[in-house]
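According to Swiss-Prot, the protein carries these features:
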type     : residues                   : note
MOD_RES  : SER25                      : pyruvic acid (Ser)
ACT_SITE : SER25                      : active site, schiff-base intermediate with substrate
BINDING  : THR57, GLY73, ALA74, ALA75 : substrate binding site
ACT_SITE : TYR58                      : active site, proton donor
Amino acid sequence: MHAIMLKAKLHRAEVTHSVLDYEGSCAIDGEWLDLAGIHEYEQIQIYNVDNGERFTTYAIRAEDGSKMISVNGAAAHKAQKGDRVIICAYAHYSEAELATHKPRMLYMAPGNVLSHTSNAIPVQVA
């Protein structure tokens, strides 16, 4: 049996560019890609916190240290500059891999400042 699990997440990153006339994709600060373990051209899901849009695209590398999140091509209709987004990558894991799997999560503060990283989401309480 295999399960599709969260591999990596950038939580509440701010869209810095929305470029309609660009080949499709999402450019992400290269340092963040490395920290999250997301590969260039890897499929990602983007969830727009501000307007509720959810869409699929792929990651491309932006300049290291740029703090860039650029939503490009047709996806630019779904996210505008200033929108807060959650970017996720998922992967298939075997039963054996599930026992030790931990996602890589990057949490962003305003201005796309990396606040902290984690490999677990706290238990939600009432």
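Quick reminder: no glycine exception, Cβ is built from N, Cα and C everywhere.
Taking the centre of the Cβ atoms of THR57, GLY73, ALA74, ALA75 as the substrate site, the nearby residues of that chain (Cβ within 8 Å, site residues left out) are GLY24, SER25, CYS26, PHE55, VAL71, ASN72, ALA76, HIS77, LYS78. Across the annotated binding residues for substrate (THR57, GLY73, ALA74, ALA75), the two most widely spaced Cα atoms sit 10 Å apart.
For the binding-site residues shown (ALA74, ALA75), fewest C-beta neighbours within 10 angstroms: ALA74. Counting only same-chain residues six or more apart in sequence, the Cβ atoms lying under 8 angstroms from the Cβ of SER25 (pyruvic acid (Ser)) belong to THR57, TYR58, ALA59, ILE60, ASN72, GLY73, ALA75. A simple way to gauge crowding: the CB of THR57 (substrate binding site) has 19 other CB atoms within 10 angstroms, across all the protein chains here.
Neighbours of GLY73 (substrate binding site), defined as other CB atoms within 10 A of its CB across all chains, total 15.
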